[in-house]
Amino acid sequence: MKGIESAIWAEFLKMRRSTALWATFAVVSIMILMMGLMMFVLKNPVLAKDLGLLSVKAQLFGAADWPSFFTIFSESMPGMEMVIFGFVSSWVFGREYSDRTAKDLLALPVSRTSIVISKFIVILIWCVVLYLFAFALAITVGNVIQLSGWSFGHAFDRFIVLFEVAFLAVFLDTTVALIASYTRGYLAAIGFIIFAMVIVNFALTLGYGQYYPWAIAMLYATEGMEEQLSATSWIIVFITGSIGFFGTLAWWRYADQT
């Protein structure tokens, strides 16, 4: 693939100079800090009484300990990853059209395949770093609050499972990249991922989550729910992600970009 190193470096420069990069880290930070606030309120019932409704929501978490914190973290992260990683994919591919730089990009002495691959590589690195940051921040917040019941084994298990879910999210969000490319912008792609996440609730409620790609990742991340998944579930994930990945490659290679 001609010029892939140069293409990756160019994508990194665009990412580093964008506000989107810092916005994703800010959103992740706010979400983790909110989880920590809930744990803090639950651990301090006097303060919880003064805060009213917030204490009621915090009580849904159970005890103010590491197992409860990891439970809510595991249940929240897949949805967060799907939406935020979807935004990343839509921005990386859609901004070329919204900024009207797609033609200039394609005029460079770099193959279209290399351009697409470089974008996917940058998306993967961006999202993996986001996940590592989220997990590290969660551990830091839990230690600051001084939660009880710490278990390295449990923490490591959650780290590995959610790390795998992060890759699943990136793989599934190749469909977002395809939509961003096809619609020549990022608004439709963002709308798609929001719609996809809304359908997750219906799929899980009706008991068909194991057949819906975005719900499969959530079931896998939730302790005790992964047993609902079968080989069919993973085939569905593979097909969905493959359509997004190879569809995006085909679109950039064969579609009229004029």
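From the backbone N, Cα and C atoms, a Cβ is placed for every residue, glycine too.
For 20-42 (among others), the entry in TrEMBL reads transmembrane segment.
Summarising the annotation, TrEMBL assigns transmembrane segment to 76-94 (among others).
The feature transmembrane segment is assigned by TrEMBL to 115-139 (among others).
Among the features that TrEMBL reports, transmembrane segment is placed at 159-179 (among others).
Annotation source TrEMBL lists transmembrane segment at 186-211 (among others). Nonlocal intrachain contacts for the transmembrane segment (186-211), taken as residues 6+ away from its ends with a CB within less than 8 angstroms of a stretch CB, comprise 79, 82-83, 86-87, 89-91, 93-95, 98, 173, 175-177, 179-180, 218-219, 228-230, 232-233, 236.
Positions annotated as transmembrane segment by TrEMBL: 231-252 (among others).
Residues 1, 4, 7-8, 10-12, 15, 21, 24-25, 28-29, 31-33, 35-36, 69, 73, 77, 80-81, 84-85, 88-89, 92-93, 105-106, 155, 159, 162-163, 166-167, 169-170, 173-174, 177, 245, 248-249, 252-253 of the same chain sit 6 or more residues outside the transmembrane segment (115-139) yet have a Cβ under 8 Å from a Cβ within it. Among residues of the same chain six or more beyond the transmembrane segment (76-94), those with a C-beta under 8 A of the stretch's C-beta atoms are 11, 15, 18, 20, 24, 27-28, 31, 35, 119, 122-123, 126-127, 130-131, 134, 162, 165-166, 169-170, 172-174, 176-177, 179-181, 183-187, 189-190, 192-194, 196-197, 200, 214, 217-218, 220-221, 248.
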